[in-house]
Amino acid sequence: MSTQEPQKSLLGSLNSNATSHLGLATNQSEPWCLYVSIPDGLFLSLGLVSLVENVLVVIAITKNRNLHSPMYYFICCLALSDLMVSVSIVLETTIILLLEAGILVARVALVQQLDNLIDVLICGSMVSSLCFLGIIAIDRYISIFYALRYHSIVTLPRARRAVVGIWMVSIVSSTLFITYYKHTAVLLCLVTFFLAMLALMAILYAHMFTRACQHAQGIAQLHKRRRSIRQGFCLKGAATLTILLGIFFLCWGPFFLHLLLIVLCPQHPTCSCIFKNFNLFLLLIVLSSTVDPLIYAFRSQELRMTLKEVLLCSW
């Protein structure tokens, strides 16, 4: 953590330490290079918003027994993953601000250990977030294409085993990543994992969208409704699909592009320019943790009603 230019080192190895180990030409300066400086206050504000949102989601699902189903378990775990991202960002930003102000004084070794701990926490939450986004897509796919068998396929014991497995994989992978961040194979594994999740979500949601349009067409023909109604439904579905996948790609894509470029062109001036915007890529991931509750949780009327009761009781 630098006091001159605080690094939100989601895997600080990638932003500062790894640049020297991997030979990244981060000191090169080009007049055309676009660098976006991210204020600490923006990290802190967005992290706090995400923190509040995801805490509310976890409380609502925990409180309402009607929400104790596999689907909401996955949504709750996604909220916990995003919550870990928020806590990590808020904690690291607060420590940086306290160090800069001279309020907090700590040895370099202690700061580095804390930074590594936060890096593991953020990396683990990133992996788990991607996993739960993928498993939510699978759950929705099964609920549509295997509706009659859904409750026999997606059972609570299976859901719990999947949740435990994802958390264990996230912990192990984050520890290995921080330990072996110098090896390009580790970076390529992470990029491949992201592309696999992106492909999985795109295929499943596109198939669900196609089935929904076919279903709408059948209903329209059955009730002799106008063609424009079916087209309107399909356009609405296409917009929803575009927003869902678009937000996922825009928020997560730049960070994994950063990892890929570290492997492909570590010393190229254009890549060096992109490396300088690491904090912007991290901010987009925090933005994703802020948007996820709006997409996956708050659209549920049952959850919104529970949340309303919780807020009214708290007052």
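Any Cβ shown, glycine's included, is placed from N, Cα and C.
In terms of which side of the membrane each occupies, Swiss-Prot places N64 together with R149. Residues of the topological domain 'Cytoplasmic' (62-70) grouped by DSSP class, helix first, strand second and coil last, total 6 helix, 0 strand, 3 coil. Taking residue pairs at least 6 apart in sequence, the transmembrane segment (278-298) and the transmembrane segment (117-138) share three or more C-beta contacts under 8 angstroms. Taken through DSSP, the topological domain 'Cytoplasmic' (299-315) splits into 14 helix, 0 strand, 3 coil. Note on the topological domain 'Cytoplasmic' (299-315): residues 56-57, 59-61, 63-64, 66-67, 72 of its chain, located 6 or more positions outside it, place their CB under 8 angstroms from a CB of the stretch.
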